[in-house]
Amino acid sequence: MSLLGRDYNSELNSLDNGPQSPSESSSSITSENVHPAGEAGLSMMQTLIHLLKCNIGTGLLGLPLAIKNAGLLVGPVSLLAIGVLTVHCMVILLNCAQHLSQRLQKTFVNYGEATMYGLETCPNTWLRAHAVWGRYTVSFLLVITQLGFCSVYFMFMADNLQQMVEKAHVTSNICQPREILTLTPILDIRFYMLIILPFLILLVFIQNLKVLSVFSTLANITTLGSMALIFEYIMEGIPYPSNLPLMANWKTFLLFFGTAIFTFEGVGMVLPLKNQMKHPQQFSFVLYLGMSIVIILYILLGTLGYMKFGSDTQASITLNLPNCWLYQSVKLMYSIGIFFTYALQFHVPAEIIIPFAISQVSESWALFVDLSVRSALVCLTCVSAILIPRLDLVISLVGSVSSSALALIIPALLEIVIFYSEDMSCVTIAKDIMISIVGLLGCIFGTYQALYELPQPISHSMANSTGVHA
């Protein structure tokens, strides 16, 4: 069972049966053929593990700098607000998908299909005629966002591997406050990326979520261990934050928004995870529990990290930790967690692109094309990480554009489109419009600031360190 329960034979056969409508024809290559409820599916615990791992990524380590960019008061409050809005929009998306699946008598509709079918019910003639572009737009944004996550993961793992290997001779057994060491790299970071590349290619060949849940459990254990060490250090002797600004400059706040919205990485996995549950009706409880844990963790780490290091807060909190073997292990454990998280985030673009690719070949070539496309996409994320020196700003850009649209703008507008004709209250309409405006403003101004900062010169070491921890 793959993430979306795809079966090559049924998928290829469905192409020969003839669609019932133009919309179904256009979406047949990405429709998920799900298992009936009650068959082998994910348990609540397995789903919770996947949900946590999807949302606890590299962005978590950059939250102290994000709080610094917003201010000691404005940062945590804004992070809480973004978290609540994101979860609310996840619930909206789930409700819209469930409503459409019941109306159309479908077992399941994905994000793109929900957008397309929703536009088909819109009173506007032009939108109805071009409803399929709603699915294309969502699919494009999902691919860009998820592959952007994967590119960050590549740089993160390579940078940490480089630091652990090349700074081994200056790493001590005594843990003292960090002295920032500027060492000339022995090997280019691209060499470390190429070392990681074949292992990630093999990892993404695993399509079974129940198998991946084992790796997710291991990833959560290593991440929990690294978080325990980080919290143990930052909570020891926190200085009184009297000199820290409660509100930062508005320009840096725009970068905070892009980073914060990017940090909530799991919006693309919400519908597939619910689809793969043995009892999908339990997903709401899993979502609220999991995202509550995530939001609390984000606020605590970001706020305490900034209070601990103040103006010296680095792009990743790991750069502020003592240069000893105990805290070097944080990089190793977190990198292991990110390694397995790569496979989860990779599933979404793979399941959008691969069905189209295999529909162009005969059944005998389906498996070969599947594995080839997976390998090519992993290589693409590697090349992206190699070519982009300021990945921190690129991720802020991706967060401002793609993540804002997927997490805030589209779900809110989709609720209006789908439920407007069903006596939708004015309060709900106003709420959805406000959410869309917040997402749109963040998208516009966050994009502007990221593009403004992108051409600015930056040292090689800073490019590496900031690039992986956005």
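Yeah, the Cβs are placed from backbone N, Cα and C, and that goes for glycine too.
Marked as compositional bias 'Polar residues' by Swiss-Prot: 10-20.
Taken from Swiss-Prot, the feature compositional bias 'Low complexity' covers 21-31.
Residues or ranges marked as region 'Disordered' in Swiss-Prot: 10-33.
Annotation comment: Swiss-Prot describes 1-46 (among others) as topological domain 'Cytoplasmic', evidence class sequence analysis.
Sequence annotations record features per position, and here Swiss-Prot assigns topological domain 'Extracellular' to 68-71 (among others) based on sequence analysis. Same-chain residues lying 6 or more positions outside the topological domain 'Extracellular' (68-71) and placing a CB less than 8 Å from one of its CB atoms are 78-79, 245-248, 252-253, 255-256, 259, 306, 311, 313.
If you look up Swiss-Prot, you'll see 93-137 (among others) marked as topological domain 'Cytoplasmic'.
Summarising the annotation, Swiss-Prot assigns topological domain 'Extracellular' to 159-185 (among others).
For 207-210 (among others), the entry in Swiss-Prot reads topological domain 'Cytoplasmic', with the evidence type sequence analysis.
Marked as topological domain 'Extracellular' by Swiss-Prot on the basis of sequence analysis: 232-252 (among others). Counting residues 6+ beyond its ends, the topological domain 'Extracellular' (232-252) has Cβ neighbours under 8 Å at 68-75, 301, 304-310, 317, 321-322, 327, 449 in the same chain.
What Swiss-Prot records for 274-284 (among others) is topological domain 'Cytoplasmic'.
The topological domain 'Extracellular' annotation in Swiss-Prot covers 306-337 (among others) and rests on sequence analysis. Confidence for the topological domain 'Extracellular' (306-337), expressed as mean pLDDT, is 82.
The topological domain 'Cytoplasmic' annotation in Swiss-Prot covers 359-367 (among others), and the record cites sequence analysis as its basis.
According to Swiss-Prot, the feature topological domain 'Extracellular' maps to 389-392 (among others), an assignment based on sequence analysis.
Only residues 6 or more beyond the boundaries of the topological domain 'Cytoplasmic' (414-425), in the same chain, are considered here, and those with a CB under 8 A from a CB of the stretch are 92-93, 95-96, 99-100, 114-115, 118-119, 121-123, 432-433. According to Swiss-Prot, the topological domain 'Cytoplasmic' annotation covers 414-425 (among others), on the basis of sequence analysis.
Summarising the annotation, Swiss-Prot assigns topological domain 'Extracellular' to 447-470 (among others) and lists sequence analysis as the type of evidence.
Annotation comment: Swiss-Prot describes 47-67 (among others) as transmembrane segment, evidence class sequence analysis.
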Winner by Cβ pairs under 8 Å against the transmembrane segment (47-67), considering only 138-158, 211-231, 285-305, 426-446: 285-305
Proximity verdict for the transmembrane segment (211-231) and the transmembrane segment (426-446), three or more C-beta pairs under 8 Å: no
Annotated stretches the transmembrane segment (285-305) and the transmembrane segment (426-446) touching (3 or more Cβ pairs under 8 Å): no
Cβ pairs under 8 Å between the transmembrane segment (253-273) and the transmembrane segment (368-388), at least three: no
The transmembrane segment (138-158) versus listed stretches 72-92, 186-206, 338-358, 368-388, 426-446: most Cβ pairs under 8 Å: 338-358
Secondary structure tally of the topological domain 'Extracellular' (68-71) (DSSP, helix then strand then coil): 3 helix, 0 strand, 1 coil
